[in-house]
Amino acid sequence: MTSFFAVAIPSAKALETTPTEAQALRAAEQNQTAYTLPPEKLKLAKELFRSRTALHFVGEAWGILQLVLLLAMGVPARLRDLAERLTESRWGQCFVFVFLFLLLTALLNVPLRLYGHHVSLEYGLSVQRWGSWFADLGKSFLLEWLVAGLLVMVLFWVIRKSPKHWWFWFWIPTMAAVLFGVFLSPILVDPLFNKFEPLQQHDPALVTQLEKVVARSGVTLPPDRMFYMRASSKVTSMNAYVTGFGPSKRLVLWDTTIAAATPDELAGVFGHELGHYALHHIVQGLLFSAVFLLVGFFVGQRMTWWLLARYGARWQIRSQNDWACLAVLALVLNVLNFFAEPIENSFSRSIEHAADVYGQEAIHGIVADPQTTTQQGFQKLGENSLDDPTPHPLIDFWSDGHPSTASRAAFALAYNPWTAGQHPKYFQP
């Protein structure tokens, strides 16, 4: 038990901002030139930021409004009646209702999804053909239906067994499903959408460079856990990520990133991603999700009760054990998720910044100039993705899970804990 909490709960050193880090953050606020775009790209970046912001918030609002309209028209009750006519089996009713409900909401969301992909194509961020895009959409829907069907079946079983405390008892299998999903996703789900190859087979010289960063960090990540993903058939943007845990733990580099970045810049990207493992961010993220889900289910149950007492008869929903009640719970959780979004993204930005610090320290002594190397990496990343150098602070705070590219590039230039009188945060001088 002690060892678990040592891993799960970040140390005070990991949470606090060191004087050297704080000094670099202050200096970064004054640097407006660490990440810049030429005029033509700046214009496109501003347009793209406005389009994506509108898509995000319109999508959130439409997701809530459509559920209100469906309930007001009695649609969930009709879907329930249809499911009950088609089969007497509870399992059958569950999967029929969930299928119909998800299909209806998916169709209502198609216009926004189409526009979102159109925007990505228009600005050159995607090259995925419409046929491939629709195929991915179909696969996502089927996976969502299977997972949601199982969870909804468990939910309504728990509601019948414990009407007052289902929020807690359902939270337990939900977290088990989350853990199971994080473990299995790299093995079973991700290959359905993208092609992966061992990085060792594709670029052994790069693996040798990255192993130097691994050795410096002390994290166990052998070459057979490093993967090359063929993203260029769908996107032009750059990315890398870590996923899974235990036997499924792996780091993935996109081919677009490898093509655009220098070996030193790739070492910096790798150092950042390795930092997520070294600083236990996956475990911390799971704990954060666990707390959020527990609070969300508790508040969601109370709000669902209130809505059923006030509108249940009008919506033709018999009780919280009614399949149609799923629409009410979905409405409540959508509203809660919207208002929780800034908290979730603040947490995400904090761990991304920590990984930035870790990554820049990790490549010290491996690359000649960690500060410039990291800053140039962010310049390429931002220019490639058409990131706005000056996003609106409120929008950035509410909806972005990463610090802005400009702030990350400026911090990279300012952060040099190896100079006299300064101290690194995660590595010994």
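Glycine residues also receive a Cβ, built from the backbone N, Cα and C atoms like all the rest.
Automated prediction, rather than curation, is the source of TrEMBL annotations.
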Identity of the Zn(2+)-site residue among Glu144, Glu352, Glu383 (reference: His272, His276, source: TrEMBL): Glu352
Three-class DSSP secondary structure - Asp356 (active site, proton donor): helix
Env. residues of Zn(2+) site, Cβ within 8 Å of mean position of His272, His276, Glu352 Cβ: Glu273, Gly275, His281, Ile351, Ala354, Ala355, Asp356, Tyr358, Gly359
Chain residues outside the transmembrane segment (166-189) and at least six past its termini with a C-beta under 8 angstroms from it: 143, 147, 150-151, 154-155, 158-159, 243-246, 248, 250, 282, 286, 289-290, 293-294, 297-298, 300-301
Stretch in 61-79, 91-112, 278-300 most in contact with the transmembrane segment (321-340), if contact is a CB pair under 8 A: 61-79
Neighbourhood of His276 (Zn(2+) binding site) by C-beta distance under 8 A, where only residues 6 or more apart in the same chain count: Val242, Ile282, Ile351, Ala355
Chain-internal residues near Glu273 (active site), provided their CB is under 8 angstroms and they sit 6+ positions away: Ala240, Tyr241, Val242, Leu251, Ala355, Gly359
Average pLDDT across the domain 'CAAX prenyl protease 1 N-terminal' (35-195), rounded to a whole number: 97
